[in-house]
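Residues or ranges marked as active site, proton acceptor by Swiss-Prot on the basis of sequence analysis: Tyr24. Annotation comment: Swiss-Prot describes His101 as active site, proton donor. As annotated by Swiss-Prot, substrate binding site applies to Asn75, His81, Asp88, Leu102, Ser103, Arg112, with the evidence given as sequence analysis. Here Swiss-Prot flags Arg19 as site 'Transition state stabilizer'.
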Amino acid sequence: MTKTVFVLNGPNLNLLGKREPGIYGVATLDDIEASCKREAGQLELQIDFRQSNHEGDLVSWIQEAGEKNAYVLINPAAYSHTSVAIHDAIRSARVTVVEVHLSNIHAREAFRHHSHVSAVTKGVICGFGAEGYLLGLRALAAIAKEEENNGQSIKGA
C-alpha cells in the first residue's frame with residue numbers, strides 16, 4: 001500500500017535560494033520539491049508538497065493529514081520556536097511526523113535552540129540542508145514498512 005506524506009513548509013521558505021544562502025543554501029523550494037518527488041517515487045511514497053506563511057494553514061494541513069492517515073514531514077521554520085498551535089495540532093491529530101530544518105538550529109541564535117514541535121514528533125533532522133528532506137522521507141518510508149510488516153499503525157511520538 002502506498003503511503004502519502006504531507007511535506008509541509010512554514011514561513012519564508014518560499015524565499016529559499018534568495019534568503020540568506022549562507023545559512024539555508026542555494027536550493028529553491030521548487031528544487032526541494034522536485035528532489036522530494038524523485039525520492040518519494042523510489043521509496044513508493046506519494047507526496048503532497050505545500051508551503052504557507054500562515055500558521056493556521058499548517059494547523060489545518062496537519063489535521064487533514066491525520067484524517068487521511070498520512071504522514072507529515074514538516075519544516076515549521078520560525079514556527080518551531082513559537083507555535084504551541086502546531087504542537088497541539090500534531091498531538092491531537094495523532095499523526096506520525098518528522099521535523100526537518102535546513103540549518104542546525106542548535107548552532108544558531110539561542111532563541112532557535114528550542115522547538116515546540118520536536119516534543120510531538122518521531123524525530124528531528126537538522127543541519128543537512130535540502131538533503132534533510134530526503135533523509136526525512138527515508139525515515140518515514142522505513143516507518144511505513146515497519147507498520148506494514150507488523151500490521152499496525154505506529155502513531156505519534
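The chain as shown is numbered from 1 upward.
A Cβ is built for glycine as well, from the same backbone N, Cα and C atoms used for every other residue.
Where Swiss-Prot records a feature, it is marked here on the structure.
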{"residue": "Arg19", "record": "site 'Transition state stabilizer'", "Cβ neighbours (10 Å)": "11"}
{"residue": "Asn75", "record": "substrate binding site", "Cβ neighbours (10 Å)": "25"}
{"residue": "His81", "record": "substrate binding site", "Cβ neighbours (10 Å)": "16"}
{"residue": "Asp88", "record": "substrate binding site", "Cβ neighbours (10 Å)": "14"}
{"residue": "His101", "record": "active site, proton donor", "Cβ neighbours (10 Å)": "25"}
{"residue": "Leu102", "record": "substrate binding site", "Cβ neighbours (10 Å)": "23"}
{"residue": "Ser103", "record": "substrate binding site", "Cβ neighbours (10 Å)": "18"}
Between the Cα atoms of Ser103 (substrate binding site) and Arg19 (site 'Transition state stabilizer'), what distance do you get, rounded to the nearest Å? 13
